[in-house]
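For reference, the structure discussed in these notes is given below.
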Amino acid sequence: MAVSSEQHELSHFKRTQTKKEKFNCSEYGNRSCPENERSLGVRVAMYSFMAGSIFITIFGNLAMIISISYFKQLHTPTNFLILSMAITDFLLGFTIMPYSMIRSVENCWYFGLTFCKIYYSFDLMLSITSIFHLCSVAIDRFYAICYPLLYSTKITIPVIKRLLLLCWSVPGAFAFGVVFSEAYADGIEGYDILVACSSSCPVMFNKLWGTTLFMAGFFTPGSMMVGIYGKIFAVSRKHAHAINNLRENQNNQVKKDKKAAKTLGIVIGVFLLCWFPCFFTILLDPFLNFSTPVVLFDALTWFGYFNSTCNPLIYGFFYPWFRRALKYILLGKIFSSCFHNTILCMQKESE
């Protein structure tokens, strides 16, 4: 989720703000890009790192999308949630991260103000949508592990459809509504002239909307995930203590629950590690008079993006079915007739 890279200019714009609708931008460079102070070596290194992250995000999530869509054995409620999350992360990597890479390295926005709003709306929507999907997966695993007898009646395809509708519609309405109304900038002195004269894609949140974004986009879903994981972890430990008294099929269920709890714990841990610094900075920045350094904002933004890079790597590491599906994709076997009925895993591996 990109944030503005023009905080250091805002204080200067405040001192020269006028009530006129048109601004004389001559002293601000007439929207021309400032000279890039980074050396060629630094820029090449930044492009290489960011391009690598984009490559993994796009093709890792694309492999997940193809795997779940193609192989019938993977058509389960849980995997439909993972499929939708992979689509979200794929779109973030394909449509947002390349523009963010150019802006971050060149310290300039080349694509105009109208596209800036469209870009930032999708950036904000996809980032929050990805987070909402992680929360939905946690809810799914909560019922599967803590209430296994009720799972098939509670987590049905219609329920998954409603969850997915919520995951996409709420972030979309929030992002496009806030960005195109420019409500996020109400009360920020100098913002109008910053938009009119700067060479960036300036989006910065005031105290109200910075707090709202932090609470709705991070704190609430994050708290839900941590609480759910705590309950799952407690139940899996309780099951593990009774492992010696169980039959083999029950023993396998306990092992599956333990693995699911471990995987979910890693997913939540990576989410908190990647997104907390970015959201916390957005929350604090308006209270600090927008004094956060540009380089720090860019670094935290890419740290958040990295969550979408990590998701397919986590599932690929912990789920054998994904590794087998990826192998078949790379070998081109999915183009064979009826190969979609291939058994990728035993039932105990499929969840």
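Along the chain as shown, the residues are counted starting at 1.
Cβ atoms are placed via backbone N, Cα and C, with glycine included.
For the residues Asn289, Asn307, Swiss-Prot attaches the annotation N-linked glycosylation site to Asn289, which does not rule out the feature elsewhere. Different topological domain names are assigned in Swiss-Prot to Ser104 and Pro148, which places them on opposite sides of the membrane. Record source Swiss-Prot places Cys116 in a disulfide bond whose other cysteine, from Cys25, Cys33, Cys197, Cys201, is Cys201. Per-residue pLDDT, averaged along the topological domain 'Extracellular' (285-299), amounts to 89 for this model.
Each of the disulfide-bonded residues Cys116, Cys201 was ranked by the number of other C-beta atoms within 10 Å, and first place falls to Cys201. Residues 2, 50, 53-54, 57-58, 61-62, 64-65, 68-69, 111, 119, 122-123, 126-127, 129-130, 133-134, 136-137, 140, 157, 160, 163-164, 167-168, 301-302, 305, 308-309, 311-312, 315 of the same chain lie 6+ residues outside the transmembrane segment (80-100) yet bring a C-beta within less than 8 angstroms of a C-beta in it. Long-range contacts of the transmembrane segment (163-183) within the same chain, counting only residues at least 6 positions beyond its ends with a Cβ under 8 Å from a Cβ of the stretch, are 80-81, 84, 117, 120-129, 132-133, 136, 139, 203, 209, 216-217. Secondary structure of the topological domain 'Extracellular' (285-299) per DSSP (helix as H, G, I; strand as E, B; remaining residues coil): 10 helix, 0 strand, 5 coil.
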